[in-house]
C-alpha cells in the first residue's frame, strides 16, 4: 500500500519547522541575515539534537530569515504542496507569531502571507488548510493573552489556539486564563504536553480545556490517564520521527504509539517540524510500518482517525 493514497489530515505541524535548508539559506541571502551555516550540508549537520531544547535553539535561529509577507506565503505554499502529495486533504498548521513580532515583523505581514500561501495551495491542489495560532510557554501568560487579542482581526481564518515551546518548567496550568479566553471566544484549544513533561502535564492540559493533546506519548506511564483518554476519545497528535530525533524514544519499535493504539486511544500521525526531523507526514506513516510493525489496515485506521480528529 502507498501511504500517499490514504486521505489524511495533518494536525501537528509547525509552519516554521517546514523551512528546508536550501530555502533558509536563500532567505538569509535575500535579507542579509547572518547565519552560522554557509551550505546546505552545514545546515543539515546542525540538525543533530539531544532533546527538545537543543532543537528549539536551532529552530529559533532559522526563524530569523522569515522577514516579509512573501516569505511566509512561499513557506506555507511549499509545505502544503508537499503535504498534498502525501495524501493530506486537511492541514491544521501551527504558527507562533510571537517569535516574529519580537523580530519586528508586522503581524499583518505574517498572517496575510500565510493565508496567501494557503489560498494558492488550495487553488492548485485542493488541500484545505487552517491556522492554529500557538502561544509560547517560555514567555509570560500576559504575552499569550496579548497575542490572542492581536490576531482577532484574522479570527475567521484561525481554527484554534495552542501552547508550545519549552515544555519542562512551563506546565499548562500556568496558562489557564489564556485557555479560558480561547474557549470563551469560541475557538478550539490544544496543548503540547507529555513529550518531555510527564503525564501530569497531560492532565493539566485537559483541566485547562485542551481538546487535543499534541504529543502526549508519556501518557502511557499513567494507566488511569490512558483509560480516560480512550474513554473520552481525546485525540493525541503523535509525531514518531520527532520523538525519535529528540531522544524521547530510543527507537520506533519502543515507541508508545503501539500501546496507545491498542488501548483504544485516538492517535493521529504527524510530522511536527519535518525539515528538522527529516520526515514529512508520509515518512512518519512509512516509519511506523517499517519499524513499529503497523500493517496496512492499521495505517488506514490511523489516517481515518486523523480526519475524525480535525476541526472542521
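The chain as shown is numbered from 1 upward.
Cβ from N, Cα, C; glycine included.
As given in TrEMBL:
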| type | residues | note |
| --- | --- | --- |
| ACT_SITE | 195 | active site, proton donor |
| BINDING | 12, 14, 192, 272 | Zn(2+) binding site |
| BINDING | 273 | substrate binding site |
| DOMAIN | 7-311 | domain 'Adenosine deaminase' |
| SITE | 215 | site 'Important for catalytic activity' |
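You'll find the Cα of residue 272 (Zn(2+) binding site) roughly 9 Å from the Cα of residue 215 (site 'Important for catalytic activity'). Taken residue by residue with DSSP, residue 273 (substrate binding site) is part of neither helix nor strand, so it is coil.
The binding-site residues listed here are 272, 273; among them, 272 has the most other Cβ atoms within 10 Å of its own Cβ. Across the domain 'Adenosine deaminase' (7-311), the prediction's mean pLDDT works out to 97. Close to the recorded Zn(2+) site, the chain also has 13, 17, 94, 164, 214, 215, 237, 239, 242, 270, 273: residues not among 12, 14, 192, 272 whose Cβ is within 8 Å of the site's Cβ mean position. Of the recorded residues, residue 192 (Zn(2+) binding site) and residue 215 (site 'Important for catalytic activity') place their C-alpha atoms 6 Å from one another. Less than 8 angstroms from the CB of residue 12 (Zn(2+) binding site) sit 94, 214, 215, 237, 238, 239, 268, 270, 271, 272, each of them six or more residues away in the same chain. Applying an 8 A CB threshold to same-chain residues 6+ apart, the list for residue 195 (active site, proton donor) reads 52, 167, 214, 215, 216, 217, 218, 243, 246, 248. Calculated from their C-alpha atoms, the gap between residue 273 (substrate binding site) and residue 14 (Zn(2+) binding site) amounts to 6 Å.
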